[in-house]
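Q: If you scroll down you'll find the structure; I have some questions about it.
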Ligand code: ATP
């Protein structure tokens, strides 16, 4: 199947080039966990930085948070997760494999061995643990299945320390854990993942307006990270499918190679959480409006973004095999050879883990290497997302940089030693242009900032 083929190639590239490794790989792997390698963590951090910039730094109504993963069990009782955060589970009576009942077409027959499936049971997805040395019921805690509750339980702290007026929001990026019955599709459904969430508090009357505001902002964020807009679709979630706390939800779905699946959610959570926590904790979590002299519970709009699903969307969207059937050959000059495929990641400069790579044309010419090191240092001092590569012939080096999505490569050759000019190559078009030394820094930063297109060199 075509999409399986594409996913296999992407997973293999992600491993080969140091983006993503299987969790606990040397022990045979741990299902539903993945480890981010050096390039993966760089790309992931770029995504998180863009999110934080748009939703926290660029606004005056947002308060950043980083709450503890472990929380008192009462938090999850009040939120409804202890009683209701479960998926329907069925087990095959023959091969004993377990499946999510709502993902099966035939709820009676095992999709693996054809055996009879047992009765449907509710399986709670929270990872349970004990805090401290005692293992009694009072010590029970859970790894958080969402970051949201860390913000609701701190609502009063933010109110008391910063005295914000409604509307205002709290934002957090952090790990979440769900003991998924069937983790699958690489980073899409995992048991440990990261979320970027906002709880935006409003007066009950303004929820519709703010819901629309965040609907637009979700789209704007997908532009920040360079996702193809035509691959994103909104889905109005029906009454029957909405989470217990939500009065309106829009899912933002993305065309992954394995199908159209949820990337983000935008939900109107009403005052459900603040109300439950007020009742359970006995603390007053209401808001007093100085103008109207009214005291009430704030309502909440929640845009929720999965970091790993974003990473996967960015990676699959960026993966390209040259339509021309060309790849950089092993020719010294890196020119393409007919009949072979070139693989490259068309990442936007904002998310690309390496923006610029610097090559000396030949490894064994100290004058070229020294000059290339000098140029490399200039870009490294600017921010670090730069690579130095003198390993193998230039064609191989281009291929390596294309596969990791490096935006521009700069080659130092013999002409550089004469007139200080260099060759700059564009990843997407493979076009090469001669740029003078004094213009290099400015020209490169313009291209990376998207101010000038490569053609303007
Ligand atoms: P699904 O229906 O796919 O299980 P969900 O509706 O339960 O997802 P939410 O509870 O809305 O997901 O979680 C918010 C966001 O967290 C999702 O939009 C997604 O980006 C991310 N997310 C949720 N579950 C996982 C998971 N198992 N692995 C990776 N990301 C996840």
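Glycine is treated like the rest: Cβ placed from N, Cα and C.
Sequence annotations record features per position, and here TrEMBL assigns domain 'Aminoacyl-transfer RNA synthetases class-II family profile' to 8-328. Per TrEMBL, substrate binding site is recorded for 100, 146, 193, 194, 195, 196, 197, 302, 303, 304, 305, 306. The ATP binding site feature in TrEMBL is assigned to 178-180, 188-193, 262-263, 306-309.
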Q: For the domain 'Aminoacyl-transfer RNA synthetases class-II family profile' (8-328), what's the model's average pLDDT?
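A: On average, pLDDT over the domain 'Aminoacyl-transfer RNA synthetases class-II family profile' (8-328) sits at 95.
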Q: Any idea which of the binding-site residues 100, 178, 309 has the thinnest Cβ neighbourhood at 10 Å?
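A: Least crowded of the binding-site residues 100, 178, 309, by Cβ count within 10 Å, is 100.
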Q: Restricting the comparison to the binding-site residues 178, 180, 191, 263, 309, which residue's C-alpha is spatially nearest the C-alpha of residue 303 (substrate binding site)?
A: 263
Q: From the Cα of residue 180 (ATP binding site) across to the Cα of residue 100 (substrate binding site), what is the distance in angstrom?
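A: Cα to Cα, residue 100 (substrate binding site) and residue 180 (ATP binding site) are separated by 9 Å.
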Q: May I ask which residues of the same chain, at least 6 positions away in sequence, place their Cβ under 8 angstroms from the Cβ of residue 193 (substrate binding site)?
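A: Sequence-distant Cβ neighbours: 175, 176, 177, 178, 187, 306, 307, 308, 309.
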Q: Give the distance between the Cα atoms of residue 305 (substrate binding site) and residue 180 (ATP binding site), rounded to the nearest whole Å.
A: 18
Q: With the substrate site defined by the record as 100, 146, 193, 194, 195, 196, 197, 302, 303, 304, 305, 306, how many Å span the farthest pair of C-alpha atoms?
A: 26
Q: Using residue 197 (substrate binding site) as the reference point, find which of the binding-site residues 180, 191, 263 has the shortest Cα-to-Cα distance to it.
A: 263
Q: As a check: which entries in 100, 191, 193, 197, the binding-site residues, place their Cβ less than 6 Å from an atom of ligand 1?
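A: If the test is a Cβ under 6 Å from any atom of ligand 1, the answer is 193.
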